[in-house]
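Engineer: One structure, as structure tokens, below. Some questions next.
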Amino acid sequence: MEEDAKKGAAASDDAAALERLGVKQELQRNFSKISMLGLAFAILNSWTALATSLSLALPSGGPSAIIWGLVVAGLCNLCLAASLAEFLSAYPTAGGQYHWVAIISWRRYGPALSFATGWINVAAWVCLTATGSLLGSQLIVSLLALFSGDPNYEAQPWQQFLVYIAYTVAAFLINAFGNRFLALFTKAAFFWSLTGFVVISLTVLACAAPEHRYQSGSFVYGDFINHTGWPDGLAWLLGLLQGAFALTGFDATVHMIEEIPRPQVEGPRIMLMCIGIGVFTGFVFLSCLLFVLKDVDHTIASTAGPLLQILYDATESRAGATCLLIFPLVCMLFTTTSLMTTSSRMSYAFARDRGLPYSRFFATVNKRLEVPLNALIWTAAWVIVFGCVFLGSSSAFNAIVSASVVALGVTYAIPPAINCMRGRRMLPASRPFKLSEPVGWTVNLIGIIWTILTTVLFVFPPEIPTTAMNMNYCIVAFGVILLISVVQWIFDGRKNYTGPKVDIDGLVHANVVAITRAEVIEAEQSEYPASVTGKREESS
């Protein structure tokens with residue numbers, strides 16, 4: 001009874017803290033630290049994402065770009081995550097980046113910057129949700145190619161489309177009708193992924209010995225390959241995109257933060273832990289795959305895809321390779337489900353602040369199912385639309401997927417960039433997660449520079465000479481996202497969107513984030529948005 005009373009009091013405190021941030025507690029805090037870590041890691045699923053995207057880096061830098069590119073991407077993403085963790089520990093709401101931008105921006109530009117950040121983040125998560133279904137369908141199609149025995153086998157788009165729809169519908173049904181069990185589902189995702197990582201790594205090494213000769217350490221950790229036509233240095237940099245893609249989406253913890261107890265403390269830890277685990281498992285797994293790799297050119301050109309081809313070469317058995325592939329196949333269901341969960345929460349949060357068209361409709365929570373069902377339908381419907389785009393043009397669909405990574409990276413950089421421009425003085429001093437000034441400046445600037453670099457690299461064509469078939473249309477897709485946000489702002493946002501309403505005085509007195517009176521005055525003198533300071537002025 002005493003334990004239940006403590007939990008009830010803690011839940012009441014979390015709800016009160018959320019209300020002071022201008023948000024009503026409507027979603028249940030069903031997730032534990034492990035289940036939330038499972039959701040975050042299911043979205044990254046770094047070893048699976050890295051293995052299924054080997055075709056990005058193998059011809060563009062080879063093993064050196066695959067291994068050390070992951071290390072570089074991991075360190076830089078840790079800098080971004082640490083930068084956002086400071087914000088999360090101060091203002092733990094599902095809105096995340098757009099909410100923080102509204103609080104720390106200049107009064108004149110705050111609403112517009114917040115609105116643009118919100119739209120980019122919503123669009124990015126909807127697009128990113130499609131990647132889970134895409135990678136899952138690609139794995140199934142690779143099996144068809146393996147069992148066909150035809151080196152020139154080419155799956156029909158409708159075959160992959162059906163598998164894509166199956167993943168999407170399954171993820172929707174789990175989210176809509178299994179919300180009470182979602183925490184157990186994501187916990188299972190975490191342990192399944194780690195089990196798959198261990199089983200596949202040990203199996204390929206064991207099966208490849210002693211008949212199969214391992215690649216040398218100099219090949220695995222130092223060999224350079226360039227089949228792109230770009231200069232060697234640029235080709236290696238383009239290979240960084242594999243690591244960047246595999247570590248994108250760590251802000252899932254942010255958008256699910258209203259469903260975990262003690263969010264100010266646990267949220268930052270989970271966000272950093274999922275990247276650390278992702279880099280470690282990815283480094284070990286990629287090393288194992290590269291040690292048993294037989295022929296680089298054959299692996300790159302294989303219609304079965306690099307991952308399945310390596311598994312088949314190591315085991316020399318179609319059945320064995322298929323059994324191992326079951327692990328990433330199921331991982332992709334976990335990933336798609338978690339992506340859809342996070343995307344729906346982000347859309348729900350933005351609609352709650354009147355950022356979406358028909359916001360009241362998308363901001364409702366279904367009382368019986370205890371989920372933002374309309375926002376969930378919004379995400380699933382767009383993912384299916386993107387699947388229809390794939391039927392018409394794989395290039396256009398790939399542009400949508402790439403745009404999701406670019407868009408998320410931009411939203412990661414905006415809050416710390418604004419904070420740096422304002423002297424890193426816009427966050428409360430006593431937040432639970434706080435970097436020292438030298439470390440904070442270093443981490444913020446590295447994260448911002450990394451975002452600029454990857455944003456530029458992601459719009460490069462993967463090889464030259466460039467044709468209509470291999471052109472990178474990511475910039476077009478990202479431009480469409482920006483255009484939609486501008487049009488929505490002109491016709492709706494500038495009239496109705498003021499950003500989240502934060503009760504600064506309430507935060508002070510409740511000691512949720514202990515901002516001193518001097519900081520409040522300084523914040524107002526620095527022109528906090530009217531929506532942030534409004535409640536304080538009224539209370540005065």
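Using the three backbone atoms N, Cα and C, a Cβ is placed for every residue, glycine included.
I grabbed these lines from TrEMBL:
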{"type": "TRANSMEM", "residues": "34-59", "note": "transmembrane segment"}
{"type": "TRANSMEM", "residues": "65-91", "note": "transmembrane segment"}
{"type": "TRANSMEM", "residues": "112-141", "note": "transmembrane segment"}
{"type": "TRANSMEM", "residues": "161-178", "note": "transmembrane segment"}
{"type": "TRANSMEM", "residues": "190-213", "note": "transmembrane segment"}
{"type": "TRANSMEM", "residues": "233-250", "note": "transmembrane segment"}
{"type": "TRANSMEM", "residues": "270-293", "note": "transmembrane segment"}
{"type": "TRANSMEM", "residues": "319-340", "note": "transmembrane segment"}
{"type": "TRANSMEM", "residues": "375-393", "note": "transmembrane segment"}
{"type": "TRANSMEM", "residues": "399-418", "note": "transmembrane segment"}
{"type": "TRANSMEM", "residues": "439-458", "note": "transmembrane segment"}
{"type": "TRANSMEM", "residues": "470-491", "note": "transmembrane segment"}
Engineer: Taking the transmembrane segment (270-293) as the reference, which of 112-141, 190-213, 233-250, 399-418, 470-491 gives the largest number of Cβ pairs under 8 angstroms?
Structural biologist: 190-213
Engineer: Within this structure, do the transmembrane segment (399-418) and the transmembrane segment (233-250) have 3 or more Cβ pairs under 8 angstroms, counting pairs 6 or more apart in sequence?
Structural biologist: yes
Engineer: Near the transmembrane segment (470-491), which residues from the same chain, at least 6 beyond its ends, have a CB less than 8 A from one of its CBs?
Structural biologist: 112, 115-116, 119-120, 123-124, 127, 357, 395-396, 398-400, 402-403, 406-407, 458-463, 497
Engineer: Short question: which residues 6 or more past the ends of the transmembrane segment (319-340) have a Cβ under 8 Å from it?
Structural biologist: 39, 42-43, 45, 48, 51-52, 125, 128-129, 131-133, 135-136, 139-140, 142-143, 146, 167-168, 170-172, 174-175, 185-186, 188-189, 192-193, 195-196, 199-200, 203-204, 207, 249, 252, 307-308, 311-312, 376, 379-380, 383
